[in-house]
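Participant: This is the structure I have questions about; it appears just below.
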Amino acid sequence: MEFSERPDAQLIIGVAVAAVAVGATAYFYFSSKKSKVCLNPEEFRAFKLVKRTQLSHNVAKFRFELPTPTSVLGLPIGQHISCRGKDSQGEEVVKPYTPTTLDSDIGYFELVIKMYPQGRMSHHFREMREGDYMEVKGPKGRFKYQPGQVRAFGMLAGGSGITPMFQVARAILENPNDATKVHLIYANVTYEDILLKEELEGLTANYPDRFKVYYVLNQPPEEWSGGVGFVSKEMIQTHCPAPADDIKILRCGPPPMNKAMAAHLEALGYSPEMQFQF
């Protein structure tokens with residue numbers, strides 16, 4: 001009789017499998033418990049800034065430490081957090097931001113922030129130094145995603161509106177059980193304004209059959225192969241999935257861009273059910 005056929009061996013194997021199953025269940029249970037203590041939708045909690053990386057003259061990446069090395073933020077895909085700080089007059093200001101990290105990034109979360117000269121919350125981020133604390137509340141947002149709920153996403157992003165798009169795209173592409181394709185059109189004024197370019201190019205290199213990005217610049221450099229001007233209906237037709245029941249177009253950008261994109265999409269035959277604006 002082979003070892004695996006012996007009753008006592010089967011018992012041992014059964015106990016071992018059960019132990020693994022219980023262990024896995026316990027792990028996910030306690031992981032979910034940990035994730036819940038990091039974010040609270042009802043109250044602000046403080047997280048320590050442990051690393052600040054200046055990416056350009058007005059853009060920086062902020063890494064905040066979570067309570068333990070195995071903690072996760074607990075932010076559903078496509079949702080955001082509220083950050084509270086002080087403006088230049090010392091008055092309280094609260095603004096929503098989308099982390100570029102996922103819950104697969106344990107022990108920390110990151111924000112990529114473009115700091116505007118007159119921005120009230122921009123002043124707070126500009127003044128932040130490593131060791132300072134940021135007050136955060138969440139999760140917030142209407143977007144809900146389950147792997148495979150659509151065949152493809154089209155994404156229309158402008159400026160810092162790239163952050164929720166990047167978060168959603170990364171979550172989809174890094175999930176081996178999700179075959180959804182992502183088509184991104186990303187608009188900015190100048191080449192230097194493009195946020196997360198290295199990360200976006202990384203997604204393109206790692207998932208060439210599932211992720212495409214088309215950059216559009218209002219003031220492009222002399223040698224430029226991307227789009228020029230504003231995002232047009234023709235660009236959407238060329239670079240986004242056509243209207244269908246199993247696709248969705250996501251929009252996030254400045255209000256004038258969001259308004260223009262909504263008009264383009266309606267003219268191209270995308271129903272309201274096929275669209276979502278962050």
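We number each residue from 1, going along the chain as drawn.
Cβ from N, Cα, C; glycine included.
TrEMBL lists these features:
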- 12-30: transmembrane segment (TRANSMEM)
- 42-146: domain 'FAD-binding FR-type' (DOMAIN)
- Pro96, Tyr97, Val112, Lys114, Met121, Ser122, Thr163: FAD binding site (BINDING)
Participant: Which residues, same chain and not among Pro96, Tyr97, Val112, Lys114, Met121, Ser122, Thr163, have a CB within 8 angstroms of the centroid of the CB atoms at the recorded FAD site?
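Facilitator: So the extra residues in range turn out to be Cys83, Lys95, Thr98, Leu111, Ile113, Phe125, Ser160.
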Participant: Across the domain 'FAD-binding FR-type' (42-146), what does the mean pLDDT come to, as a whole number?
Facilitator: 96
Participant: Name the residues of the same chain, 6+ apart in sequence, whose Cβ is under 8 Å from the Cβ of Thr163 (FAD binding site)?
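Facilitator: In sequence order, the residues whose Cβ lies under 8 Å from that of Thr163 (FAD binding site) (at least 6 apart) are Tyr97, Thr98, Pro99, Thr100, Leu111, Val112, Leu195, Leu196.
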Participant: Taking the Cβ of Pro96 (FAD binding site) as the centre, count every other Cβ atom within 10 Å, in any protein chain shown.
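Facilitator: The answer is 16.
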Participant: By a simple count, how many Cβ atoms lie within 10 Å of the Cβ of Lys114 (FAD binding site), its own Cβ left out?
Facilitator: 18
Participant: Summarise the domain 'FAD-binding FR-type' (42-146) by DSSP state, stating how many residues are helix, strand and coil.
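Facilitator: So the domain 'FAD-binding FR-type' (42-146) is made up of 8 helix, 45 strand, 52 coil.
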Participant: Rounded to a whole angstrom, what is the largest C-alpha distance between any two of the residues Pro96, Tyr97, Val112, Lys114, Met121, Ser122, Thr163 that the record assigns to FAD?
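Facilitator: Binding-site diameter by Cα atoms for FAD: 17 Å.
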Participant: Given a separation of at least six residues and a C-beta threshold under 8 Å, show me what packs close to Met121 (FAD binding site) in the same chain.
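Facilitator: Listed in sequence order, they are Cys83, Gly85, Asp87, Val93, Val94, Lys95.
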